[in-house]
Structures are given as C-alpha cells and as structure tokens.
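To keep things clear, I will list the structure first and then write my remarks on it.
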Amino acid sequence: MADIIKPDLSVVKQIISSGGESLKKCYQCATCSVVCKLSPDDSPFPRKEMINAQWGLKDKLVSDPDIWLCHQCGDCTAYCPRGAKPGEVIGAIRKMTIGHYAFPEFLATMVGNIKYLPLLIAFPVLFLLAVLGATGHLHIPEGEIVFGHLMPHTIIDAVFVPVFMFAAIVFAGGVLRFWKNIHGQCNGKCSFASIIPALISVKLEILAHNRFRKCEVNKGRAIAHMGVLYGFIGLAITTALAVFYLYILDRHSPYPLNSPLKIIGNISAIALLVGITLMVINRFKVKAQAGIGSYFDWLFIWVIYTVVLSGILSEVTRLLGIAMIAYPIYFLHLVSVFFLFFYAPYSKLAHMVYRTIAMVYARKAGRD
Amino acid sequence: MQDILIIGGGISGITTAVEAAETGYNVTLLEKNPYLGGRVIQMNRYFPKLCPPYCGMEINLKRIRTNNKIKHYTLTEVQNITGNEGNYEVTLKINPRKVTEKCTACGECSASCPIERKDDFNLGLNTTKAVYLPHELAFPYRFVVDTKACIKCGACVEACKYGAIDLNMQAETIKLKVGSIVMATGWQPYDASKIDNLGFGKYKDVITNMMMERLAAPNGPTQGKIIRPSDQKEPKKVAFVQCAGSRDENHLPYCSAVCCLASLKQITYVRENIPDSEAFMFYIDVRTPGKYEEFYTKVKGDERVHLIKGKVASIEQDGDSLTVEAEDILSGNKLRVVVDMVVLACGMQPTNGTLNNISRDQNGFISQVQGNGIYAAGVARKPADVSSSVQDATGCALKAIQSVVRG
Amino acid sequence: MDKKLGVYICSGCGIGDSLDIEKLTKIATKTYKVPVCQTHACLCSRDGVNIINKDCEAEGVNTIVIAACSLRANQGVFAFGNDRIVERVNLREHVIWSQPAKNEDTQMMAEDYLRMGIVKAQKAQLLDPYKPAEEISRIVMVVGGGITGITAALNAAKAGVEVVLVEKQDNLGGFSSKLHKHFPINPPYQDLQTPPHEAMIKEIKANSRIRVYTDAKIEKITGAPGLFVVSLKQKSEIVQFRVGAIVLAAGFVPYDATKLTHLGFGVSKNVITNVQMEELAKNGKILRPSDGKQAKNIAFIQCAGSRDKDHLPYCSSHCCMSSLKQALYIRQQDTNAAAYIFYKDMRTMGQHEDFYVRAQEDEGIFLTKGEVVSVQPVAGDKLIITVEDTLLGKSIQVEADMVVLATGMMPATGIKIEVEETITCNPEQCKPEDIAVPSDVIIPSDILNLEYRQGTEIPQLKYGFPDSHFICFPYETRRTGIYAAGCVRHPMDIGACIDDATGAALKAIQCIELTSQGKAVHPRVGDMSYPDFFMQRCTQCKRCTDECPFGAINEDEKFNPLPNPTRCRRCGTCMGACPERIISFKDYSIDIISSMMKAIEVPEEDEEKPRVLVFMCENDAVPALDMAGAKRLKLSPYIRVIPVRCLGSVHLVWITDALSKGIDGIILIGCKHGDDYQCHFVKGSELASIRLSKVKETLDRLRLESERVKMVELSINEYSLLPGIFSEFMETMEKVGPNPFKGF
C-alpha cells in the first residue's frame, strides 16, 4: 500500500531556520548512516531523517525515536561529502520535536528564537522582583550575608516548587504523546510491564555514557557530557539534602564549607562548570568537521553557565562578605534557575526526557 | 614560426595536433613524459566497446609519424608564455632523455643496467631498469634514462653499439613563436590516500581504478591477470567504490564523469578474467549518459554483478579479506560485504600548472577562453570521457586555427 | 616512371648477427638483378640515410627497398619524397627478434621477406593523386540551424571558409530558441543563463561568408566530397549549388509523449512535457493548463520514456539538468511553490554537479530517487503520483497540481522507422550465397536525400543515431565528407553541442583540404592511391557497390560501377570483393600481392617445412606482431606475413592461388567485428569472415581440408597471443598433412 506523503515547505523552512540550514544539501549517499557508530544496522539513521526533513514530513520526524538515539557526536557531519551536516540537522529536528510535544507551543517557538530572549529573561526577572517587592525584600539586606534574608526559603519553595511542577506536567504531556507515536513502531514489544526494567538499564547506560564513547570525531564529548550530567545529579542530591537539613534537621543556611551538603554541592558545581566548559572547547575544536551547533544548543550552554557561575560567585562573594555583589548575583542565580526549570520542556534540556524514552524504545525494539 | 602550440601529448593534445596539421597548419606538440599518449595509453580498454586504446593510438601515431607539419617534443615543459594572439613567445625546457636519436630500441642498454626503479607507467606495481622503454607502443620508440634512479655507472653506455646514450646530456631551454596555444594538460588521478576512511595505503588490497587498468592490461605488470597485490591470489569478490573522493566537498566537489562507466568496464575485466567471481558496485547515482546506458544495462544483466545504492564509508581489513560497509539505501539497511579486493573509483584532478596567464575555475579546470589565442581542450577544461575529449580537442583545433587566421 | 631499384640491408640491431647478410645481398643482386644493393651497420643513422640519398642523386635510384626494421619505426627517417617508392622489409621485429639466430629457417624467412619486398617494389607504381575534372568546392554546408548548426557555421566562417547554412524552419535557433533560460555551461556553473543562440544569430547575419537558407529543404545531394551538388527547395523555388563537405546538425525531436499515458499525458491537461514547460516559462507566468491558476506543487518525472525498454532505452543526458533548471523557474516565480523531482539517477556530470549543489540550496526543491508508476487525476484538477522504490519509502503517493515529464530526445535521422529494402545483387549475375552480406540500416528520414547507391541518408547504428567509430574517432561516419554533430549524433546538452559542432566544422574543412590535394581522409589520411576500375571486364555483379563500407561507388542503370574517388577511404574492400579482379590501386593490387606470394619459396614436402601465409591487418595485427617481436616472443618459423590494408581487401583468389602453389595453410588476422567492431573500415573484417565462409566450396573443389584456412580476430594489445595462434595452427597443419599441391 502506498504511503501518502504530504511534503511541507513550511516544515523545511522551520528546520532550516532553527539550525538545520544545511539540510537541503544532502544528496542521500548514506555516508552518515555508516560512519555513525550509534546507528543500528536495521534502517539506520540519519540518512532517512535527512530525506524526511528535506521533504518536510513532520509527522514522520516527530515520531521518529532515532533522532534521540543521535548523540550529536558529529561523525556524520565530518564525513558528509556535501556539507549537509546531518548532526546539526538532527539537532534542529530534535528542537522541532521538543516544540511539537511541548504545551503551549508558542513557548517553544520563543525558546527557539533569539529575538524572544529578552522577553524570556524579563519574565523570571520581573516575576522574582515582584515577589521580592510583594514580600518587602526589594533591598540589600544588612548584616551578615545570609541569602535567606533576601528570599526566605518559604518563598523560594512557593516559587520554585510550582515552577518545577509546571515543567513536570508539560513533560508528562509530551512524553505521553511521544510514546503514543513511537509505540506503534515497536512491533508489540513495548508492553508497559517490560518498560521499567528497560528504563533502569537505559538509565545505567546513560550514566555510563557508553553511547557517547562511540563518538569518533568528537572524542571529548563523553567526558564533557558526563561532567554536566553528574554535576546536575550532584546538585539534585544537594537540593534533596538541603530539604532534609531544613525540614528534618531544621538547620538553616548558610552551612559551613565542611558540611556534606556543601562538599557535594561545590564538587557538583565544579563538575558542571568543567563539563560545560569542555563542551564549549570541544565544539570549537571540531567546529570545522562536526559543526558548531545552533542557537538552541548555545542557549542551553549559556543558561547552564549562568546557573553554575552565579551559584559559585554568590557563594564566593558571600564568603568574602561583599553584600553589594553577593545579593545581586544570588538574584541572578535565582533567575537563571527559574529560567532553566521553567523553560526546560521547551529547551534542549528536554532531551534528557525524550532521549531516555527513545532509548527505552530502542532497547525494546532491538535497535541499540 | 609555428602556427599552433599544443601543450600536452595525451589523447586531446594528439587529436588537436593531428586534426590541425591535416587541415594544413604547422603544429608543435609538447609532452612532459618521455612518450606521447598520456593517460589513455595506460588504460586496458575503453568503454563501452571494450577495445584497447592502443588501436586508435596506433592510427594517431601513424598520423604523427607521416605528417611533416607536426613537430613534437617529449620530456618538455613550458616555462613561460608571453605575447598575445597571433604572436606568442613560449619558453620551453627540454629535460634530458640521455638517449639520442641514434637509439634503435634494440634493448641492449636495459639488459646491462644494474638499477631497478618503480615503473610509473604501471603505477609502481612493478619495476623497470633505470634505462627503459616506457611501454610497447611508446612514441618516440626510444629508450630513456630515469635521471633520478640512474647512478651513472656507464654500463649502458658501454652496451650500446650505436653510441646513443649520453649520460651527461643537460636540460635545454628553447624559445618558440606561435600564433595560438592549446592547453591539453589533462589530469591526474586523485590521491586516494587522502580519503582516510577507505583504507588506501593502509590495506594492500585496496587499489585505485587506474591500478586496476594496469592489472588487467595484457602488457601490465601481471600480463593481464587480475590478482591481489597482497598475496598474488585471484580475488573472487571485488568491490567497486564509486565517488572515492568525488562529489565530495572534502576532496573533489565535482563529478569526474567517467568513473561509473570505468567501474562498469572494470567489472567486465573481473568477470571475464575470473569466471566464478562476484562484483559489487556501490554508487550514489549511476551516471551513464546517452547511449552509454546500454553498456550499463548489459553489465547490470550479469547476475554475479551487484549494484548497491549507497556510498561506502568504511573499509576494514579482517584477516585477509576486507569488509566494505554501506547503507543499502533502497532496502534501508546497513550492508557489510566481505570481499577480497576493493577498487576505489578515484576521480580526475586537472593537472595544475604554474603559468600565470592561465585562468582556472573553482575546481581547477582551465576556463575555455584565455584572452584570444589560448584555448583548453579535453580534461584540462572539464572532466570528460575519451570520446568527448576527442570532440573537444577537434573543435579546439578549429579555434586555434581561427586565431592563426585572425593573427 | 622508369624504375631503378636500390636494396638497402641493415645489419644493425642484431640483424647481422642473426642472418647471413651476404646471402641476402645475393638474392637482390643475383636473383632479382637489382642494380644497387648496399648494406650498412646502422641504416637509420645519418650515415646510413646518406648512402641512400647519395644513390638517389647519383645513381638515379627511385625505388628503394629497405630491409631493416618495422615500417612503423623510423618512418620519418626513411622518407624520400613523393616521387620515390619506398618499400620496407621487416627483418628485425618479424624475423630476428622472433626467431633463433643463425638458423636455417630464420634465414629462409628473411630471404622470403626480402624477395616479397623486392617484388612488391617492382610492381608498385608511383602514386598520382586524384584530380577531378571539376574544381573542388571549398564551401561547407551545414544542415540544421539549431545551436549545433549555427555554431558549426560560425566557427567555419571564422576560420575563413565559405558556409551555406540550411534550416527547414523559417528561423534559426532550433530548440535553443524555445528555451526560456539555459542551465550554466560555463564557470562558475551556478546561474541560469540566456540561451546562447541569439547573439550567435546576429553574428551569422553579420558574417558575409555565411549564406543562410531558412524554410528550406534539401531535395537531393549528388556527388562526393569536394564535388557535392545540392538541390534545395526554398518555399517553391529550387536552388542548386556546389559544396565541398557537409555538417549534419539536424538535431532531435522530443520523444512522443502521447505514448506516456501511464504518466498521465493526454489524460490530464495538467501533465505537460519539459518542452511545453519551456514554452510556459518563456511566455511569462507558469500557470496550470486546466484553469490558468498558479500551480503550487509541480512534480517533475525524470526519464519519462527514457531508460525504459518499452520506450527509449538510452538516457538523454540533459534532462536532469533541465528539470533542476525548470524547478528553479517555479521557485523564482513563487517562493511558496514546491517542485518535486523524481529521478532514477541524478545525472549532473562533471562540473554540472555544481549546478546540482546550487539547485539543492533551494528549500522548495524536493528530490528523491524513485520509479514513477502512475500519474492519476483526482478531484480538484489535482494529480496523484505513485512512486516506488523511493528514498522516502517503498511506495509513496504525492499530490501535485501539475506534472512535468522530462522527455528525452530522438535523433532526427531516426524518425521514419521503415528500413529500406535490402539491396541484393543482380539475380542473374550472382550466386545465392552472395546475399549474405548484411545491408546497412538507413532510415529514409528525408534530411540529406543523398543520391547514393546504398541509401539516401547516413547509415545508422542503434536507435537511429548515425554511425560513428565513436571512441577514438567520433566524427567518422561512413559517408566521407559528411560529419554529424549535436543531438542527431548522441543526446547532449547545449554546451556539448557547441563543442561537438566546432569539431565537426573542422572535420568538414579538413576533408575539403585533403580532397583538394587528392589525399584520403581518415583513417588512411594522406594516402594518394585510389582504386582504378578496369571496366572492360566488369560483369555488373554489383559486389563492389554493395560491399563498399563507405557507399563510395554508385551505379549506372546498367549496374556499371561509378566510383567516386573522393568518397573513397582506400581500404580496398571493393578490390577484395570483385570476382573479376578489375579493381586495383597503384601500390596495392591483386597482382602485387599474388606476386609477393609467388616470391615465397615453398620447400618440398619431404623437407617437412610447412609454409603458412598470414594476411594481417596493417592497422592492428601488424603492430601487434611488431610488439611480439620487440618482446622477443618466439614465433613459428614457417609463417610468412603479408600486411593488408584491411581484411576487407583480401581476395579469395589469393587464398586459392596460395593453396595451389603448395602453401599449407592460411590465416587471416584482423580486427574484431560485430556491434563492438574495432575495424577501422567498419565492415572490412566482417566482410572477410563472410567471404571466408564461402571459401569452403573452393577448398572442396581442390579437395583440400577446410581447416587450412582460418580467420582470427586479434586486438592490437593481444600480441602475447600470437605465438599460441601460430603454434596451434601449425599443429592443425601437422594433422591435416602437407598440401598435396606442393611442387606443382
């Protein structure tokens, strides 16, 4: 039975404008599918994704788990004879897919476009200023620097828990729709019961970075990503500890530098900083072969930088006792964390969710 | 005063020279090799008729031998061109052959020579003596000393009864006045070792298409037996990798226009030579324009010939065989074929030169009109097969004549 | 001319070490009473050549036999002017390099070759170039005013030649003038360009050397190169003029799209051809034929009726580029329009790849490989295209507003597909087996209307394209002085047409130049011999007119041959064909070869030294034998080689003569024939094999075994097969035993 396809020029334009400008250069030689060490033998990627994207077949693309199996090593881009940069194009397709599954979609459009960046920043800034204003904290507190003086933990929780919940709900909606789309391609092997063990093994694989290690051109990518991922995990643990300290032990910040919470937190922050810096260095190093990445990628990098640097600097300036700098930086830190979480379902961070799902699918469907 | 100078003595240059001379003009033909014939003379057969290039070349050489309007210089390079249409002055450097016209090609010198050198005519697949006859149909039919290899021991000088060897012969510079100039400088095969994922230079049994021509040639290093360079065994499975460095921004961005047909032709060599052999051709697009389609259909009809759409992106050695990997695009699956030998269909790269009055396009080919009196013919101008090059070269003869008529 | 022979024997290159030179000298001076005979240790040296020159001057030697190396060596050294006959005896490659030194058999071989050479020199006559009674016309006629024709005309005129340009339409430009734009044919191969014809037509009009006839049709062409007479009908007027050579640039016709109903042509108005697309684009906006609305989605179907065994089996070379170009038309008209291209293989050869890259930069051009199965109209004037084996899936359907079929080219010469009746011999004169000579395919396409005995147009190979020995010598057709160029010859784009036309123009000018000097054109360029017919003995059997591969010989109403020496390529096929042996060349005749054969000394039966005569094509087989010698391959000492111009010139009488003289066997070695023929005279080796199939009858009559005569096809580079070919034949000779006619 013939497959009725609806070529869509607007989809092509969308991919081109969001980092896939080289998309149309592909002439389907399939060098990419072969040089990609992550690509399975059975209907490998990214060659087929390239033609689907060239024809603007959005339905096929957003329900294609393979785009998430790509770890953007850039091997395909390095060997592409036509300069079509499949790695970058797949990145753009992922971005489109994140937008497709996110709700409301306009937020995704805004996250993907640099011209909305001021607006995106303005929202948390104004919101948090309003919160400070409303709670009477719109000034630099006197005395010893305690960030809780600027924004007490109750307010923090009142703001960030809903933000987190919002992101989680948006993610859940996206994940469900995504799973529905890919489920059909699983040949009945993706029963709900079998997903949990698959999920666990995928998580372990993600932690081990086995897939990243297969990258050829961008060999440093595994270590960099590991730094970022473990940094985030460490910070998550730190946050959980903080909750434990605060609500169970009733110990309030600031904590001494030798407290386990501080140690884990600082090490994680440094891991994140090193990881993200390596990522930037790698990108420049393999720019010519593997591509530099799109705005979408870079926005994510800069947000992480802002989060980690503002976190470290607020700690340092606090310890140095420079209130005039410490508090504003802390405020910046809060803004960036807000930014990171609130926009997570629309940003590159969403990959951690969709990639995990896709890898589960791949494991079940025997495509890894 | 000569009417037309032709730079390059391959099939294009020879054609321009004889066609112009037979139309009544005086021509000078230059060649940097010690023999005329260029690249085609290294081919085993032409597609699609599978006939030997020697056949047409013999007719062309006869046309040169019997026409006193053609002067030819081998081992000669152009150093400088000045002037304009109708009145060019060209400086030539004639490198020493070290064997004079007295040579009767009896071969005594070669028999006495103690030095072996890599045979460039056979792309280094075998050796010759340092004083050698380039090939059976070499024209001029005279021996030549490889200046780099020769140790000047003088054995050949003693062996030659005709006093034809002069090991102290020096390069000579001469000036020539001509009315128009035809650049027929041809091409060189793309350096396959630059394509790092295809294993040339790393694995002995990965060879280029030009090497395959010599392997299959009855006058080649193996007398026409197709064998693997590594162990001299007959390869039963041979993969042909199209666009090896062609249509590729990282190498040659253009298409060389002949490689598909050349590989189809070489598949016939393998199939004819080794009856139980199998051939695999990996392509992006099969480019057999015009009537050549028939040849494609014919070769494709052999059930032991497999054509796979998908570019080979990886070649790995595994024991004494090679694994060639591509995506079989039409089935949508990756394919790994284990073969005994791989032939890389390497493209044509225009011979570059240092003459400053020659302008080239983005791919290094010479633009057709250079001022008024300088023209380009054959592959110097565009990648082309023999037949198109001959057409182009014939037309170029007329263009050059027009310059002489005007000048 | 009173001949004075001089025989010069070289003892260099080991000849003197291998042979008894003195004995050879005696053959010249004693047996043949040659007045001058000298030997030299290195005849090709300045000193050696001086001896000959001195004898020519002082002794009046005018017929020179050089017994040294191959004819192919030192050809320029042993050139003594057109007023002297030079005969070369190859003692080096053919004798001492392939035979043991100081051996009786080797000596006998050398002696035989020397005798043969002397006899040939005695018999050969000085050449006298053909000079027709009428003056040679130096005008080039170009048939067809498309891009190929106007290029040929202009380039010939620019070289100072008078040109007549004939076009059947009322204006010049051909298909080029129908194009909106052309894809790039010059560096940097990026942008669409204006078709080149307009500027060229202006130049043609301004050039006083070019006479243009538009709205004109050729009624008749008679004559031969240098002497053609053309009758032209322009409107109702008949014009007659003489021309020297012709460029056939009749172009192509697009493949008939009405045969492509499976692709929707004729079914829906919105399915058009690439030619119609150009018209739409040229007229301004590209609108859908059914309702005049702008089409948003346009599908291009490549190879529509091309590369298809049910339609045109070949590829038309330009369609991929043309569709990419037309896709750009659509995109330039409307940035929201989409062009879908379904191709089998994207064939953008050479630097055209750059244009493919350029077209791919356009976001609205959608490309996939695929085999289009059907195009069906659906509601809303839309079309559903079903495509299989695509890069997007096994089978897909796409909807489009309009479909463009990339139809291919058919040569104008291939249009009337009704093969002319095979002309056979005069039934009273010839035996039934003579009819076996295959006749040529000549489609009466009403273009040249040649008054040639063998048909009115140029012979065709496949698919109606005019023939051409198309690798090394692409311009050679089998009608001397008529050169095909452009799409009539091979499907090609405008850039290739321009190149091709320029070359064809040169060939036309060259043909006139050589003809005016009484010289042959390719492949025996410069040969001044031509066939002479001894008409008194002609039996009007029509063999010569039938078999000439080049249609050089016409007939009168009584079937008398009417030779046209300027059409002749001097292969001698007519000579080999004539049963009455009335055709000869001054330096190549039945008698000369027969005399050479007679000069061979055939040993008595009890000597057990068989003799095998080998007729070898001098273009390929003889050079192969030279190379075998140069490689020092050992050959049978019992062979005696006679080089021939072409196996087509081998007369059966030579075979019977040789056998009746006691020669044990005969081998003919020539070029491959068939579809991939290598014969430079196209049909020579094929005709030889046909004739040989009839020699059996003669052998039966002589009560001789048919194994005694054999034909071998050999390529020039297969020299290493020669020792085997000869030794195998010698084994056969041993089996059949000596020729019983020995000693008669």
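Any Cβ shown, glycine's included, is placed from N, Cα and C.
Bear in mind that TrEMBL entries carry predicted annotations, made automatically and left uncurated.
Long-range neighbours of the domain '4Fe-4S ferredoxin-type' (A:59-90) within the same chain, counting only residues 6 or more positions beyond its ends whose Cβ lies under 8 Å from a Cβ of the stretch, are 11, 15, 19-20, 22-27, 29, 31-33, 35-40, 45-50, 52-53, 96-97, 100-101, 178, 181-182, 185, 211-212, 214-218, 221, 286, 289-291, 293-294, 351, 354-355, 357-359, 361-362, 367-368. Taken from TrEMBL, the feature domain '4Fe-4S ferredoxin-type' applies to A:59-90.
Per TrEMBL, the feature transmembrane segment maps to A:116-138 (among others). Beyond the ends of the transmembrane segment (A:116-138), by six or more residues, the same chain brings 109-110, 149-152, 155, 159, 299, 331, 334-335, 338-339, 342-343 to within a C-beta distance below 8 angstroms of the stretch.
Packing against the transmembrane segment (A:158-179) from elsewhere in the chain are residues 62-63, 97-98, 101-103, 127-128, 131, 337-338, 341-342, 344-345, 350, 353-354, 357, 361: each is 6 or more residues past its ends and has a CB under 8 Å from a CB in it. TrEMBL lists A:158-179 (among others) with the feature transmembrane segment.
Here TrEMBL flags A:228-248 (among others) as transmembrane segment.
When Cβ-Cβ distances below 8 Å are used as the criterion, the transmembrane segment (A:263-282) is approached by residues 218, 220-221, 223-235, 237-238, 241, 257, 301, 304-305, 307-309, 311-312, 315 of the same chain, each at least six residues removed from its ends. According to TrEMBL, the transmembrane segment annotation covers A:263-282 (among others).
Summarising the annotation, TrEMBL assigns transmembrane segment to A:294-313 (among others).
The annotation transmembrane segment is assigned in TrEMBL to A:319-344 (among others).
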Checklist line | Counts of helix, strand and coil residues, the domain '4Fe-4S ferredoxin-type' (A:59-90), according to DSSP | finding: 18 helix, 0 strand, 14 coil
Notebook entry, point to check: Along the domain '4Fe-4S ferredoxin-type' (A:59-90), what average pLDDT does this model show?
Noted result: 93
